[in-house]
Amino acid sequence: MAENPLNFVDYGTNNQAVWQQQPKADASITTLNNQSIQNTSWTTKMHSSNNPIPSQGYFFDNTAVGSNVNVQSCLQQHPNSFPSNDSVQSLFHDSNISASTYHYAPSCSVTHNQMNNIWTNPAVQSDTTVQPELLPNFSTAPFSSSIMPVNVAAPVSAVPPQTSFSCRSDKDTNPDSVVTCAQYLPPSSVYPLTSVAYRNNARSEIGLSHNFPVPNKQSKSQPLNDHYQMNGNYPGGIGSLQQEFARMTHGVQSARYIDLIQERDLMKYGTDDEEIALPPTVCNPDARCSPSIFRCTLSSVPQTQELLKKSRLPFGLTLQPFRDMKNLNIIQTSSIVRCRYCRTYINPYIYLPDSRHWKCNICYRVNDLPDDFNWDPATKSLGEPTHRPEIRNATVEFIAPSEYMLRPPQPAVYVFVMDISQNAIETGYLYTFTEQLLITLEQLPGDERTMLGFIGVDSAVHFFQFRGKSRPQQLIVEECSDIFLPVNCGLLVNLHKNIDVIRLFIQNLPALYESNSSTSCCLGAALTAAHELIADIGGRITVLLTVIPDVGPGALRSREDPNQRAASEVPNLCPANDYYKRLALECTGHQIAVDLFLMNSQYSDLSTLGGFYIISLLPLPLDVFSADMSKFSTGCVFHFPNYHINHDQVQVKRFQKQLNRYLVRKIGFEAVLRIRCTKGLSLHTFYGNFFVRSTDLLAMANVNPDSAIAVQVQMEENLIGINTACFQAAVLYTSSRGDRRIRIHTLCLPVTKDLSTVFSQFDVKCAISLLSKMAVERTLMGASLTDSREAMVNTVIDIFGTYNSAVSGMNHTSSMLSPITSIRLLPLYVLGMLKHRAFIAGQSVKLDNRVAALLLFRSAPLEVIDLELYPALYELNHFVENEADPPRLHLSFEYINRNGVYLLDTGSYVYIYISSNVESSIIKRLFGVNTFETIDDEAKMAVDIVSSFEVLDNPFSSRVHSFLRKLSVYRTMFVPVILIREDSPLRNLFFGRLIDDRTESSHSYIEFLNYIRQEMQK
């Protein structure tokens, strides 16, 4: 069987190098979280120690500091008790520098890799997460590091001052990293779509900015104060701001606009905007955080609240904090440089007045630089601080010292809860599951302590006890109403010590239940048992389900009415009960995530089961939440509708590939996340898969590289005298190899007072990702589907109404003006959202399929949402005479010729549509057959999805498949290629995604624009 050309690429961190500094004296303070900055003093909130999900406070020599306590005075009394904070992992994408090895006396070696520089830095405080106690049989000794030593060069006489470095190479190709970070989170409203979506809502939007002096322009003899004066004479202040922005290229483009009513071909302008230049007042204006990781809806931040409110543009961020990175800068040190006031990590956008001080780009306070920060291990001499990797890269990762741990890092623990009912056996999923688990068994993220457990579920709960080298014993508990663990040991087994026994057990598992006749499923009881099994350790529970849980705790019944599938108001999108909500809360408190693979052919109530995999926005008591808030676990949902091993090869292939990716991808345990932003800005509401532990701390039991979050930003003060706005996200996590790490991403944006510039630098892809997550949250929290759809439309009306009246200075009744930049695509994306199966009205969509689409938007990264809402269409006939990539086409039937072959990339699937009049020579070269009628399509869903679309030995076929690989190069999710002939019954899969055309239940693009224009005139 040939391999599908659209396979995912798992970027490891193969080219990482580590600069290791010998540890200094250990700090006696172990944790610091929930910082509340008030001038120069800090206050904290302490929670009871028996709270399963407490917020974190400061500890000074084992003395807790409660609220309203002046931490500064405590520091004076305990000068050596200052804890260190987050560790961070970084990436460096654009480096081509080769690695060299240096050796330092007395025995300190350094490996310098320009793509992955890893330094040693002094640390301050650390964001830590409360970790549950290990079982008694787990050692409390430090776990082995994931850093592997490498050979070093011959000794050199130069010796670094004060500290020494050692060279290590991080062969981090296995999924092993986890990120934790703390973040500010004000409470959200029940309906999270704010003034972004409502025309008459007076609620203010969100903004952010920073102001930094020019490096080396400040006299060293000038006295340094904690605060610089924000005035026109300040380096980089409002005076130089006007000069800098006058030279920016986006000022020229902002005056260009088009009429969307008249301009039919929007794709000729491209889909991405140019990168915005930063003022030279920041330390390193060339350092940029990858837009795939961290980006803002406003590439130029409004200077005032009035300007932001006037624009009516959504202000927010999208973040994929644990994304796989090709090059990653890892730093190992006994201390990490952070602002002593706001706890910001040193980054490329700070200001260096001299070689011994740095000014924070978040709170604008001046801090001391450690003496060894100027040491350059590459040249073995004192150098410029700007050569440090923290200053050169916007993304870095620190390996955290022991002060970041409240307990030894947990081992990797994986429990598989498998549906073994009669329906599950008939689908044949167990054969695919065991096949992939055997393939990846030795690649599971973890170290020598990795543990596995297996639980089967039908009308009873089946446990498997491993006893040495003997065959595992099956223990069946039929009383589901009061589930318990039948034995105290053997239900979890060490992978590396018992791999042969485990492998044999997995091989025999499908045959063990071939004759099972039980049709019921007590999933609730099995999940309770799995939680109890690993509650003292933490880990991950993987659920494989084919039917609705209908017996035992959390039993559900069918709530779907097939006659209501096409109704404008879709019922039962909220959970049926709160059992899974409460269980998810308990799992989160014990650092356990629950992931679901649903392979159903009948209704399974995913809206209730999916509550495990959605967040809570309000850290309130349980009795405050209604059933529709059962959404607390940090896991993932994978949906494979109508799965059958013999009848649906598309879903079988998807299950194989996505399960393989899921098992081997990187994973982080015990993670927390915090986002800091420039003074004057604050974070308003978060969207994604996590649990809000406190107002500024997001807890993630597991973190993975394929999930993203979004956040609304709010402007609380005007950014006068500030020319840049900064955000910094830090994730603290335990890697699968047993060390604590901190991954830090810093984003810097220019500030402007020109409304036209704000519009022209609007990031439509980031905005549509934020808006889709907001709409999903609104829908799943009880709002009607109609309300969510209207909120999307009102967003477009507000934005273009403002632009046409306030910016362009024109108010033509027959036109709809837009900047020529990417904001012109906003109506297209919103129309695509309205027509997507998650939000569409008037079209029959199965309830589970609709909920699965909503959950996809909830955690999907920006690239996936982009294609889900507006797929990419290309004509493959272009490759007959051209080697260059074909142009992207509008999603309209008017671009489909009767003699063409077309590729439609929808994000989850790639459709190859073959028209009936295609030349026989093209059919022969592309599909290897002679006539149109002999092309195998997927109408019967029984043929291998790639058997008819292999690479053939001719230039045309090679170019097409090369283009397919290019489309999939940055994807982590497997995308099947489906062949659809013009006469195939599946052609509606293709035509249904032509967003620009009119359907029975929705407008065409032109009709949508005319409706927006009419509403703008009211």
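Yeah, the Cβs are placed from backbone N, Cα and C, and that goes for glycine too.
Marked as domain 'Zinc finger Sec23/Sec24-type' by TrEMBL: 336-372.
What TrEMBL lists as domain 'Sec23/Sec24 trunk' is 409-610.
Averaged across the domain 'Sec23/Sec24 beta-sandwich' (668-752), pLDDT in this predicted model comes to 92. Annotation comment: TrEMBL describes 668-752 as domain 'Sec23/Sec24 beta-sandwich'.
The domain 'Sec23/Sec24 helical' annotation in TrEMBL covers 763-863.
Residues or ranges marked as domain 'Gelsolin-like' in TrEMBL: 886-938.
Relative to the domain 'Sec23/Sec24 helical' (763-863), the listed stretch 409-610 leads the set 409-610, 668-752, 886-938 in CB pairs under 8 A. Helix first, then strand, then coil: DSSP counts for the domain 'Gelsolin-like' (886-938) stand at 14 helix, 11 strand, 28 coil. Counted with DSSP, the domain 'Zinc finger Sec23/Sec24-type' (336-372) comes out as 2 helix, 12 strand, 23 coil.
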